[in-house]
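Here is what TrEMBL says about this protein:
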type	residues	note
TRANSMEM	9-29	transmembrane segment
TRANSMEM	41-67	transmembrane segment
DOMAIN	86-200	domain 'Tetrahydrofolate dehydrogenase/cyclohydrolase catalytic'
DOMAIN	219-360	domain 'Tetrahydrofolate dehydrogenase/cyclohydrolase NAD(P)-binding'
BINDING	Gly245, Arg246, Ser247, Val311	NADP(+) binding site
Amino acid sequence: MKKKIVRTATLCFVAVALIILGLTAYTYFSIKDYLSPQTVFVVVLVGVVVTFAIGIAIFGVSAFAIAMQKDEQEQVEEKKMAQIVYGSEVAKELKDEMKMKIAKREDEGKRIPTLCVILVGNNPASVSYVTGKEKACKEVGLGSKMIHLDEETTQEKLLSVIKECNEDKSIDGILVQLPLPKHLNEKEVVWAIDPNKDVDGLHPINVGKLHLGEKGFVPCTPQGIIELLKRMNVELSGKRAVVIGRSNLVGNPVARLLMNENATVTICHSKTENIQTICKEADILVVAIGKAKYVTKDFVKEGAYVIDVGVNRNDEGKLVGDVDFDDVVDHVTAITPVPKGVGPMTITMLLKNTIEACENSEV
Ligand SMILES: Nc1nc(=O)c2c([nH]1)NC[C@@H]1CN(c3ccc(C(=O)N[C@@H](CCC(=O)O)C(=O)O)cc3)C=[N+]21
């Protein structure tokens with residue numbers, strides 16, 4: 001493209017220069033016998049100057065055209081480049097908005113929304129997530145309360161702690177960090193949380209509401225995923241969405257949310273036959289299976305949108321997704337990375353739900 005412009009400009013310039021120089025020469029020979037040498041000199045000078053001026057103008061315009069046009073190679077590459085959607089950046093924007101909202105509440109003399117996180121035991125991953133949640137609360141000015149119970153805590157003790165939190169008017173949201181130690185009954189624990197404080201959206205009342213299309217608390221990761229898809233400007237209505245994974249925390253609720261957006265949804269799981277073929281039909285692929293780098297380019301349709309929900313630790317303790325990012329990145333329109341993708345959105349939605357719980361309690 002650049003070369004073509006330069007060539008055309010040079011040709012134009014040569015043609016115009018030849019015409020003007022020819023005219024000047026013709027004028028020179030026609031008038032040199034009638035006029036004084038000074039006048040003839042001026043005529044020739046004007047001819048040469050005009051030629052130069054036009055030359056400079058032509059090359060100026062060409063340089064401008066080159067600057068405006070991207071190199072052909074660059075354009076091809078741009079078309080192929082996948083959009084990498086950083087949840088961490090979206091989360092920051094949303095947190096700034098929440099921060100302002102909370103500051104405004106404070107000015108109005110209203111209560112500061114407060115999240116209570118209950119952690120049982122010392123599972124390193126859980127401790128790290130809980131710390132992240134506390135940090136995020138501080139960042140936006142939410143109140144946070146942490147209840148750390150030891151590994152041997154009994155079911156009765158845990159249930160009584162939840163009951164206290166349910167009754168405590170200064171607590172708006174309750175989150176019990178999962179998984180719980182094996183001797184505890186997770187279902188009974190989650191079902192004991194007041195549905196109006198269930199900011200994780202796991203209580204059957206909230207699960208039921210989601211599946212009936214009623215307003216209630218929606219689990220944080222699925223909510224964050226929909227938010228990211230909206231940022232990718234992907235039209236969900238009428239599209240094929242495939243979710244890999246059927247957990248209550250991610251797979252099931254995200255499938256329902258995608259259906260609410262009028263996508264046609266398929267859920268795949270460990271027993272699914274021909275899983276690659278099904279995934280390859282997906283315009284939107286959400287991967288929450290919990291196997292590091294499980295999804296390779298053989299699963300991904302050219303130009304698809306891929307959401308990686310995986311949080312796996314490799315041998316070096318580094319966080320890796322369920323998608324083999326490097327393998328698929330050239331095949332997709334947009335993809336979320338791990339870390340800095342879905343994870344930060346999950347925490348942000350938890351903050352959002354906590355503010356919502358507080359607002360609900362005021363009306
Ligand atoms: N009741 C309950 N609710 C949950 O929402 C819940 C849970 N239990 N148990 C565990 C999973 C996992 N989870 C994550 C949250 C944030 C990041 C996150 O922020 N990750 C960062 C990096 C964090 C790091 O490097 O350790 C990132 O992806 O960039 C990841 C994972 C919430 N979970």
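Each residue, glycine too, has its Cβ placed from N, Cα and C.
Keep in mind that TrEMBL annotations are predicted by a computer and have not been checked by a curator.
Note that this is a predicted model, so its numbers are computed, not measured.
When the record's NADP(+)-binding residues Gly245, Arg246, Ser247, Val311 are compared pairwise by CA position, the greatest distance found is 16 Å. Mapped onto DSSP classes, the domain 'Tetrahydrofolate dehydrogenase/cyclohydrolase NAD(P)-binding' (219-360) shows 56 helix, 29 strand, 57 coil. Among the binding-site residues Gly245, Arg246, Ser247, Val311, the residues whose Cβ sits under 6 Å from any atom of ligand 1 are Val311. Here the domain 'Tetrahydrofolate dehydrogenase/cyclohydrolase catalytic' (86-200) has, by DSSP, the following mix of helix, strand and coil residues: 61 helix, 18 strand, 36 coil.
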